[in-house]
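A.B. asks: There's a structure below that I have some questions on.
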Amino acid sequence: MNRKNIHIHLSEAKSSTGSLKGLDIQIGKIKGEQWDEIEGPTPFPDHTDLRSWDRILLSRYKPLYLPFCDLCCLCTYGKCDLSGGKRGACGISMEAQQSRIVLLAACIGAATHISHGRHLVNHLIETHGRNTPINVGGTNVDVEAPMIRLVCGIKPKTLADLVTVLDYLETQVTELLAAAHTGQESDPLDFESKVFHAGMLDHVGLELADLTQISVFDFPKADPEAELVNLGLGTIDSEKPVILVIGHNVPPAIDIIQYTKEHNLSGTIEVTGICCTAIDLTRYDPDAKIVGPISWQLRYIRSGVPDLIVVDEQCVRADLLIEAGNIQAPLVATSSKNCAGLVDRTDDNPDQIVADLISGAVQGVLILDPKKVGEVAVRAAIQSHEIRKTIKTSKIPTLEELIEYAKFCSGCMECTRACPNETPIPDAMKQAATGDITLLAEIYQSCIGCGRCEDVCNKNIPVHNALVAAARDIVTSEKYTVRAGRGAIQDIEIREVGGPIVLGEIPGIVAFVGCANFPNGVSEVAEMAREFAKRRYISVASGCSAMAIGMYRNEDGQTPYEEFHGRFDAGGIVNVGSCVSNAHISGAAIKIASIFAKRNLRGNYEEIADYVYNRVGAVGIAWGAMSQKAAAIAAGFWRLGIPVIVGPHGAKYRRMLLGRKDNEANWFVYDTRTGEKVQVGPVPEHLFISAETKEEAMVLIAKLCMRPNDTSRGRSMKLTHYIDLHKRLYGIIPDDIHLFIRSSSDIPIMMKEELIPILKEKGFKDQKIPDPTLLKSQIRTQKGGN
Amino acid sequence: MNRKNIHIHLSEAKSSTGSLKGLDIQIGKIKGEQWDEIEGPTPFPDHTDLRSWDRILLSRYKPLYLPFCDLCCLCTYGKCDLSGGKRGACGISMEAQQSRIVLLAACIGAATHISHGRHLVNHLIETHGRNTPINVGGTNVDVEAPMIRLVCGIKPKTLADLVTVLDYLETQVTELLAAAHTGQESDPLDFESKVFHAGMLDHVGLELADLTQISVFDFPKADPEAELVNLGLGTIDSEKPVILVIGHNVPPAIDIIQYTKEHNLSGTIEVTGICCTAIDLTRYDPDAKIVGPISWQLRYIRSGVPDLIVVDEQCVRADLLIEAGNIQAPLVATSSKNCAGLVDRTDDNPDQIVADLISGAVQGVLILDPKKVGEVAVRAAIQSHEIRKTIKTSKIPTLEELIEYAKFCSGCMECTRACPNETPIPDAMKQAATGDITLLAEIYQSCIGCGRCEDVCNKNIPVHNALVAAARDIVTSEKYTVRAGRGAIQDIEIREVGGPIVLGEIPGIVAFVGCANFPNGVSEVAEMAREFAKRRYISVASGCSAMAIGMYRNEDGQTPYEEFHGRFDAGGIVNVGSCVSNAHISGAAIKIASIFAKRNLRGNYEEIADYVYNRVGAVGIAWGAMSQKAAAIAAGFWRLGIPVIVGPHGAKYRRMLLGRKDNEANWFVYDTRTGEKVQVGPVPEHLFISAETKEEAMVLIAKLCMRPNDTSRGRSMKLTHYIDLHKRLYGIIPDDIHLFIRSSSDIPIMMKEELIPILKEKGFKDQKIPDPTLLKSQIRTQKGGN
Amino acid sequence: MTGQDPWIRAEMGGTKQASIISKPEVLSALMKKANHPIFLIGSESITDNKQSDLLITLIKNLKEKWNVPVISTAHITGTLISRGLVPNASMGSMEIIDRLCDNKWQGLDGKGQYDLVILAGFSYTLGSLLLSGLKQCSWNTKKISLDPKYHPHATWSYGNMKFENWQKEIERFFDIIKTDKKNMEESHV
Amino acid sequence: MTGQDPWIRAEMGGTKQASIISKPEVLSALMKKANHPIFLIGSESITDNKQSDLLITLIKNLKEKWNVPVISTAHITGTLISRGLVPNASMGSMEIIDRLCDNKWQGLDGKGQYDLVILAGFSYTLGSLLLSGLKQCSWNTKKISLDPKYHPHATWSYGNMKFENWQKEIERFFDIIKTDKKNMEESHV
């Protein structure tokens, strides 16, 4: 536990109290007396401090491993074949190896966000000062940092306070990563427990990063009415110089806007973005334009529209320098994590850098100073635009060229075999060769833009470009809106929905998170979000999923953000922001415990997670998640007892956490009032599961929103949605409803006739509804005992 | 750069100077005025601060990638086939992917050591106080922390000062790990530069950890005459209760010794150890016994000798709980990194824990308090010994049983195909079935104890046990000595050898490091170390390699530690200690620059690395390295310009750093006196290379010790060894000597007749010897320029 | 050996790879040897592609002939019923694999764990992972993939085949089923 | 397909695996097609095992017949010379692979990069890595492994064979070399 900065003894500093206070903040100490909440048992926890909680969850939700291959290749003892019960040279089993890989992924993911947070905090302390106050919602948000309060047991007031949090996070990530070293840990569940810890740290890191940027850049502050911003390739005016920003770290992009403002260039330049930098930029300037999610990189660049590309970190293609070169657009790399082999020009004169980029002396530069990036990018983009106007830079073939290309296709199937979605490209090419591009255009809709098809084509057909060419009409009509990321949820919103949620009367919170590796394009996420908003669940979204939801128009021409309200309330579609804004979703769950139920947050993880698990009907959907960051984010939800559903490709995370509804004995809680063990049924049934289709996912969402604490009224509402969706999407009534009906009052009134015969057949018996907990320590009659 | 704790403004703390001083130490600040050395350009560097130095090295030593497989399987976009120039779905190339995996390994390795350091510092601050002084050699060592001074630019005085260093290391490791996330970095050399950074951080972590334990536990303090301690299975008295400690974190083992001392049990209990915990324990108590290196785990446990096993972290088999169970020895896990699925009994009464272990109610426990481990281990071992005396616990078959087993062998070759060393087990079994166990016993000598043979045997023959049985006589005669780890090198030693080393008159420093995954058992390392000690190089050793060297007796019955002195001087064999003691080896190189050449260390990495690279003829040999830690340690040497040779299995690290002696233009330096570019030949030729045989390694060692700064006298001595070894081991004279002879005075006198004709044929011409540097900033005539 | 390469090329197998179902007699022999088989049918079995009809007929045949219970994964039960195939249960693909990994599971019929698992109708990627998971947790259970794409993680799999060839194979299998007599000698696999 | 499994079982190949040298004519055809071949011989060629003699004879034959330059890796040059084989150069295994990966390297003879690389006498593990490295950096160079253990990363490799069978194959190759006439029609590989 990293509390070194807090152990200052008054006797060692014989000075006035006034000056001591100042010093306290300076070194990261948060004074207890500013906060009257009692400190819980686990401020700044090591993973062993919460291991018993993890084991409670893991005894119910057991790992199912789906190895990516039979081998371990992590050390030079190997490679080792672990199949069929064999152990590696270090003694490791297949199960432990799989969970070790999950730990590695979760550590990388957490490190990515934490390092991003460290970068933001250091940079903004430098530019704005250590005492810059944290402000995420003014008077509307009193619980400003629920994750940090919960995990660290401190209440951060300024940027400087966040440094203590970062120190803790980095210590912990380093320790977890160390556990992935060859040898050592042998127990799969202990690896899983470490995964949960990484996930929890990740959410602290997410919160820290978003608090920082909201506070300093004055992003929407918990604003349900944040502006609608433009989204889609069709919204870009390519007559102007166009800058493309890609990645997850917004300061350089903000300094681009700043430079245009300071030099009266606002409105004369299109600043367009892909991925989270785009989202965060529109939180700063609603005139910036979001091109689309991560998978839009190749198609947009190859369109030739961007005159200059600024790339920062995280989800950015590793071949951007090549792609930028192909359309003669200079590239500016801005992150130490992604130096791209470029010469570091941070200390050079901007005039010289711009000249070198424009003359083609260099194809790209590395600039680690965001302010200088702002100047160089704008000036070079203006000049680049002038030059590029006169040359053809688009790589997208014309219809005639496309047909010629298609004629080359030999139908060898290599493209399909390389395509993550196994799209029938050869069939489409065959058709295209006859002049009919319908099927190719259809494939564009499920293309995730990876470009692997091109690498394997024996005939050197630019397959990806061909798809984009075929879908030209679709592409140019991509004009949508998305509500700018609002940030946190207001305390008052929590106060209003807390009751309906924990009683089950708002049937659930459904969080659409993660990226764009969907089996069927972005449309499925929009469809799901709308379905649940219409059913008066609270739909929440972030990152590329928030964009995906926006890429839809209803029969009235409205995007979902126009169709539904943005309040954290029944029937809303709430865009919290970028990936780091995911912390507001877990934060909202925590705030229900804190604000609505008045539980202490401070260093009190276990109790709060138990509360959320038993009472808050929230589910995460990472329909197209592909990265290590997504693994860490999911793990942070798991430890809070919030189930996560992934798409079919999510099975490649190699490990599910599944409950077994057929083992009735698993599904009990203690009644806090009596200590009695009460059977409550499989609610929620799973903690992490991959759904094969969106239909399966939708039914799972409805099902996994049930919680032991649901009132009969709440449960009957949740059951109505579950049964209704199951009937509609599966075509039959579910066979497990008897597990969720605790008494006849749980039965949805409109379904009574249909359900009662089934329940009778299944041998249904009345059960009482307890005040549920999994923690013996929460039983009131023996409070304090164990 | 993580310097947050240093920025305290006096104005903000209006108190007396006295109390301010106290506060300074409290928060990790190191007061500049205590140290009059000028601060160099890169205290607490980010990796981009040293990227240009890395690129200088990497432009000369280019990566050769040897992929372990064609695929990338790190995210759910994949798996992706990267062979034949194909790129992954994220755009990554095969080269970048390989270097990314190397980065991941180096991060895991560095994290392991840093986390170990954090654990030690936290624990010992708790038990001994924040102000515990750092003392690694009393008055003999003034430069107490060369790595920390060099990298961080601070001079640590107490344990508390090390906390600032840890914060920095963890921040940096987290950032590097983040760069391994899917997407982002595209340039292989930028990944490699990050690998170098991870290596540098690793050495800081190593130094910090060893400084801490030397200071607090009063280990030998830079003592060339540290005691000789017992090594080998044959040295153990199994009539006494035997405790086995395994791992890398010594506090629990020390508390075992402490407990026996406090309870008058000294001498009645055998405390035996494997791996670095064993080494560090003998630094504390020379009566403890080292069983052997990492690969001795299975054979020793299965012998049935240990009555109780205490396991901490790092290189410990992941199946110890099973192995311990098989011999009915209780197991105590002591590290959060390795919880082994055991119940955490840290807060329980020792009586109850001992009772549970002895009754068999539990097979093992997790105890995170070293002191409690000490008590439980000793008490349980005594009782366990009593019980185990009466039962057969050895798993090693008798000769008769062995022959029976051997008869089952069908010669299917699966064991050979699973063996990392491809040993001819079926041939040996065939022979053994006839009663002749010679070949089996021979295989024991090259067995690395992984046990994979047993998993694949179709006939369920306990193959590993059979090898040990066949080698029973060898095993029981394993009685050797090793000098206890001495820790740092004294300043005076450096002062004395500095000149001879940088002039080349001591022909080199050869460091044998890393673990026991050798192709031909431990004997090869001993052979190499003796060869170079006899040739009056300085042989240095650490960890399992230090043990391996001890496992040899010369014709006079002496072990190498008895045969050779332990001073850091020509002809010595110097055991610095455990893995973390490796920092004393890099530290010694740095101290030559500091103490002998009086260069400033403080935050002055680039200049010092340039000094070491051009002047200090040091080479690392990690003959059996297998882990991520070894990768990090090697990387730390690379950044200092110290080449590392690995054994043939080391090629599985997937990436070499090779120079090309045939490209003459590559091999220049600047003469600091004139700025002139001078050709100096390929010295050293490679930075990282796998040798196929020990003979190749020995010739490489001699060759890679050459440096541009060698005087003619020094160079001729180095050449003598190189040519002599080449002739003896290769059977021919090397074909590249002309590249190393700069003038006729470089020619070894005794070889003149032989060499001059060759040189004439090759067209040799005189070159001058510069005052070498690779840094333009070091050129005196334009000092300060670039 | 193109037919025996993993369909998605990066899907490497392991040290043990599926044997090829070289002729319908193999399939028939495998079915006869099984004591307790089960069939998992995935969501692609109802997509519009030309394999669907044949697959559904195949499953019906197996069900009728050997009384193989069928579990439909995902959301397809209703559609299957409407096409004349009534699955014995509907369960998520992860849920059923999880149960097949539990040696205490008593099966749909209470008769204990299954010894033969047949899969068809899954996307190749998901199918691979399901087979890999099964292989890992239940090494000795026989796993058959019936899709015309080679699945190295199965015990037996069709090679990569064109639809037409696969169709012929399956139709020949129907013939065998029809002409099969109870007293016919068991062919050996 | 035991003969075509990687010898060390965990040594998975990739999406492209070595073709098997099914008969000595294949080898002979490969040699004839090569414009600029080179032979790398590893340290195991001089160990005591029974393959050594045959391997050295084989290399001598290749050297004599097609003037294939030979590079000995590790420390074995002296021993080879004493056994009548004078290598054209001695170089570390890493050093030679590094040069073979450099398309600017002019070769030992100054005639440019090689188009066929033959390996033998390496431990299986090291051989695999050398072949993998070569495959990666020089996809189009032909790589032949002559050891009797299947190497998936090569372009052509012997399958896993017993010594006796391998010996027969190699001896048949000697016969072909001897009887081979300059005007003999080239066999096609």
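Cβ from N, Cα, C; glycine included.
Those TrEMBL annotations? Automatic predictions, nothing curated.
Dumping what TrEMBL says about this protein:
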BINDING   B:CYS69, B:CYS73  [4Fe-4S] cluster 1 binding site
BINDING   B:CYS72, B:CYS75, B:CYS80, B:CYS90  [4Fe-4S] cluster 2 binding site
BINDING   B:HIS113  CO binding site
BINDING   B:HIS248, B:CYS276, B:CYS315, B:CYS515, B:CYS544, B:CYS579  [Ni-4Fe-4S] cluster binding site
BINDING   B:CYS409, B:CYS412, B:CYS415, B:CYS457  [4Fe-4S] cluster 3 binding site
BINDING   B:CYS419, B:CYS447, B:CYS450, B:CYS453  [4Fe-4S] cluster 4 binding site
DOMAIN    B:399-429  domain '4Fe-4S ferredoxin-type'
DOMAIN    B:439-467  domain '4Fe-4S ferredoxin-type'
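Describe each of these features in terms of where it is and what it packs against.
C.D. replies: Cβ-based neighbour count (10 Å, all protein chains) for B:CYS69 ([4Fe-4S] cluster 1 binding site) stands at 24.
Residue environment of B:CYS80 ([4Fe-4S] cluster 2 binding site) contains 27 other Cβ atoms, counted within 10 Å of its Cβ in all protein chains.
Annotation for B:HIS113 (CO binding site): spatial neighbours B:ASP202, B:GLY205, B:LEU206, B:ALA209, B:CYS579, B:VAL580, B:LYS629, B:ALA632, criterion Cβ-Cβ under 8 Å with sequence separation of six or more.
For B:CYS544 ([Ni-4Fe-4S] cluster binding site), the same-chain residues 6+ apart in sequence whose C-beta sits under 8 angstroms from its C-beta are B:CYS275, B:CYS276, B:PRO293, B:ILE294, B:GLY514, B:CYS515, B:ALA516, B:GLY624. In the three-state DSSP scheme, B:CYS544 ([Ni-4Fe-4S] cluster binding site) is classed as helix.
Other Cβ atoms within 10 Å of the Cβ of B:CYS415 ([4Fe-4S] cluster 3 binding site), summed over all protein chains shown, number 27.
When other Cβ atoms within 10 Å of the Cβ of B:CYS450 ([4Fe-4S] cluster 4 binding site) are tallied across all protein chains shown, the result is 27. The DSSP secondary structure for B:CYS450 ([4Fe-4S] cluster 4 binding site) is coil.
Averaged over the domain '4Fe-4S ferredoxin-type' (B:399-429), the predicted model has a pLDDT of 95.
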A.B. asks: If we take B:CYS75, B:CYS453, B:CYS457, B:CYS579 as the binding-site residues, which have a Cβ under 8 Å from chain C?
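C.D. replies: So none of them sit by chain C.
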A.B. asks: Measuring Cα to Cα, how many angstrom lie between B:CYS412 ([4Fe-4S] cluster 3 binding site) and B:CYS72 ([4Fe-4S] cluster 2 binding site)?
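C.D. replies: If we compare the Cα positions of B:CYS412 ([4Fe-4S] cluster 3 binding site) and B:CYS72 ([4Fe-4S] cluster 2 binding site), the gap is 33 Å.
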A.B. asks: If you draw a 10 Å sphere around the Cβ of B:CYS447 ([4Fe-4S] cluster 4 binding site), how many other Cβ atoms fall inside it, taking every protein chain shown into account?
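C.D. replies: Around the Cβ of B:CYS447 ([4Fe-4S] cluster 4 binding site), 25 other Cβ atoms lie within 10 Å.
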A.B. asks: Calculate the distance in Å between the alpha carbons (Cα) of B:CYS75 ([4Fe-4S] cluster 2 binding site) and B:CYS69 ([4Fe-4S] cluster 1 binding site), and round it to a whole number.
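C.D. replies: Approximately 16 Å lies between the Cα of B:CYS75 ([4Fe-4S] cluster 2 binding site) and that of B:CYS69 ([4Fe-4S] cluster 1 binding site).
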A.B. asks: Sorry to bug you, but what's the C-alpha spacing from B:CYS419 ([4Fe-4S] cluster 4 binding site) to B:CYS457 ([4Fe-4S] cluster 3 binding site), rounded to the closest Å?
C.D. replies: 11
A.B. asks: Which one is closest to B:CYS450 ([4Fe-4S] cluster 4 binding site) in space, judged by CA to CA distance, out of the binding-site residues B:CYS69, B:CYS90, B:CYS409, B:CYS415?
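C.D. replies: Closest by Cα: B:CYS415.
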A.B. asks: If I restrict to non-local contacts, at least six residues apart, and a C-beta distance under 8 angstroms, what lies near B:CYS90 ([4Fe-4S] cluster 2 binding site) in its own chain?
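C.D. replies: Residues satisfying the criterion: B:CYS75, B:TYR77, B:CYS80, B:THR182, B:GLY183.
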A.B. asks: In which DSSP state, out of helix, strand and coil, do we find B:CYS579 ([Ni-4Fe-4S] cluster binding site)?
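C.D. replies: Note: B:CYS579 ([Ni-4Fe-4S] cluster binding site) is helical by DSSP.
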A.B. asks: Here are the binding-site residues: B:CYS73, B:CYS419, B:CYS457, B:CYS579. Which has the lowest count of other Cβ atoms within 10 Å?
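C.D. replies: Ranked by other Cβ atoms within 10 Å, the binding-site residues B:CYS73, B:CYS419, B:CYS457, B:CYS579 bottom out at B:CYS73.
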A.B. asks: What subset of the binding-site residues B:CYS75, B:CYS315, B:CYS412, B:CYS450 has a Cβ positioned less than 8 Å from a Cβ of chain A?
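C.D. replies: Going by the Cβ criterion (under 8 Å to chain A), the qualifying binding-site residues are B:CYS75, B:CYS315, B:CYS450.
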A.B. asks: Taking just the CA atoms, what is the gap between B:CYS447 ([4Fe-4S] cluster 4 binding site) and B:CYS415 ([4Fe-4S] cluster 3 binding site) in Å?
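C.D. replies: With the alpha carbons as reference points, the distance is 12 Å.
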A.B. asks: Mind sorting out which of the binding-site residues B:CYS69, B:CYS80, B:HIS248, B:CYS450 are close to chain D, meaning Cβ under 8 Å from one of its Cβ atoms?
C.D. replies: B:CYS69
A.B. asks: Round to the nearest Å and give the CA-to-CA distance linking B:CYS415 ([4Fe-4S] cluster 3 binding site) with B:HIS248 ([Ni-4Fe-4S] cluster binding site).
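C.D. replies: On Cα coordinates alone, these residues lie 31 Å apart.
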A.B. asks: Specify the count of other C-beta atoms within 10 Å of the C-beta of B:CYS276 ([Ni-4Fe-4S] cluster binding site).
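C.D. replies: The answer is 32 other Cβ atoms.
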A.B. asks: Reduced to three states, what secondary structure does DSSP give B:CYS415 ([4Fe-4S] cluster 3 binding site)?
C.D. replies: helix
A.B. asks: For B:HIS248 ([Ni-4Fe-4S] cluster binding site), just count the other CB atoms lying within 10 A of its CB, please.
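C.D. replies: There are 29 of them.
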